[in-house]
Amino acid sequence: MAPVPEPINEMMAYYSDENELLFEADGPKQMKSCIQHLDLGSVEVGNIQLQISHQLYNKSFRQVVSVIVAMEKLRNSAYAHVFHDDDLRNVLSFIFEEEPVIFETSSDEFLCDAAVQSVNCKLQDREQNSLVLASPCVLKALHLLSQEMSREVVFCMSFVQAEERDNKIPVALGIRDKNQYLSCVKKGDTPTLQLEEVDPKVYPKRNMEKRFVFYKTEIKDTVEFESVLYPNWYISTSHPEEKPVFLGHFRGGQDITDFRMETLSP
């Protein structure tokens with residue numbers, strides 16, 4: 001009959017000095033001593049739990065020693081230890097791996113879900129000319145009599161998304177109760193102002209196209225509207241009455257770029 005290998009000798013064949021590095025904090029000498037006196041089964045010594053499993057392999061017994069570092073190390077310490085944030089951080093650092101989180105710019109489909117804030121207002125230039133619709137797509141500056149004030153256009157000014165600038169608020173100017181917005185387009189080489197028809201199911205929205213967006217700047221008791229698409233071009237009126245509102249490149253002189261704004265209650 002073939003001799004059965006001694007359990008201790010078979011166990012030590014699977015033991016390596018490298019294991020001492022893993023349990024150096026608990027004392028490698030104590031670890032070796034515990035292994036030399038193990039019986040078959042499961043043993044718990046101090047802070048370390050040892051389990052021995054049996055497996056039949058090639059018609060001979062082999063013992064596999066698995067060393068499990070138990071969480072009892074914290075609870076069975078010889079001294080009272082309060083579990084601090086650093087302890088939890090150390091535990092989690094072994095479980096989770098830190099990775100950078102990259103934030104991408106939100107697309108318009110998400111921005112459109114955000115409510116667009118707006119106010120109703122009327123605009124008069126510094127010469128007290130009111131803005132009126134002379135035709136469905138033509139906006140003019142006229143001096144109105146008191147009985148004609150009902151002709152004055154009411155704007156729905158929406159606060160929209162754009163690159164931030166000091167003391168400049170990005171807005172879009174739509175005509176209330178109409179699907180029309182002031183927009184800036186180029187005709188030839190010159191930026192021009194027009195009234196553009198839009199889809200009421202889509203507009204207004206937070207991320208308006210640049211042609212619809214103006215920087216509103218407050219100067220004392222007046223405001224200016226500068227095109228975002230064409231910097232230094234402003235919504236303007238001219239001194240002669242009944243001229244269309246246009247996009248002007250000059251401030252002062254014949255071009256009037258400053259307006260008094262009257263905010264209306266909802």
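The backbone N, Cα and C atoms fix where each Cβ goes, glycine too.
If you look up Swiss-Prot, you'll see LYS168 (among others) marked as site 'Important for interaction with integrin', on the strength of similarity to another entry. Cβ neighbours of LYS168 (site 'Important for interaction with integrin') (same chain, under 8 Å, six or more residues apart in sequence): TYR215, LYS216, THR217, GLU226.
Residues or ranges marked as site 'Important for interaction with integrin' by Swiss-Prot: LYS178 (among others). Non-local contacts of LYS178 (site 'Important for interaction with integrin') by the CB criterion (under 8 A, 6+ apart in sequence, same chain) are absent. Following the DSSP three-state reduction, the secondary structure of LYS178 (site 'Important for interaction with integrin') is coil.
Annotation source Swiss-Prot lists site 'Important for interaction with integrin' at LYS187 (among others). Less than 8 angstroms from the CB of LYS187 (site 'Important for interaction with integrin') sits no same-chain residue that is six or more residues away.
Taken from Swiss-Prot, the feature site 'Important for interaction with integrin' applies to LYS201 (among others). Around the Cβ of LYS201 (site 'Important for interaction with integrin'), the number of neighbouring Cβ atoms within 10 Å comes to 6.
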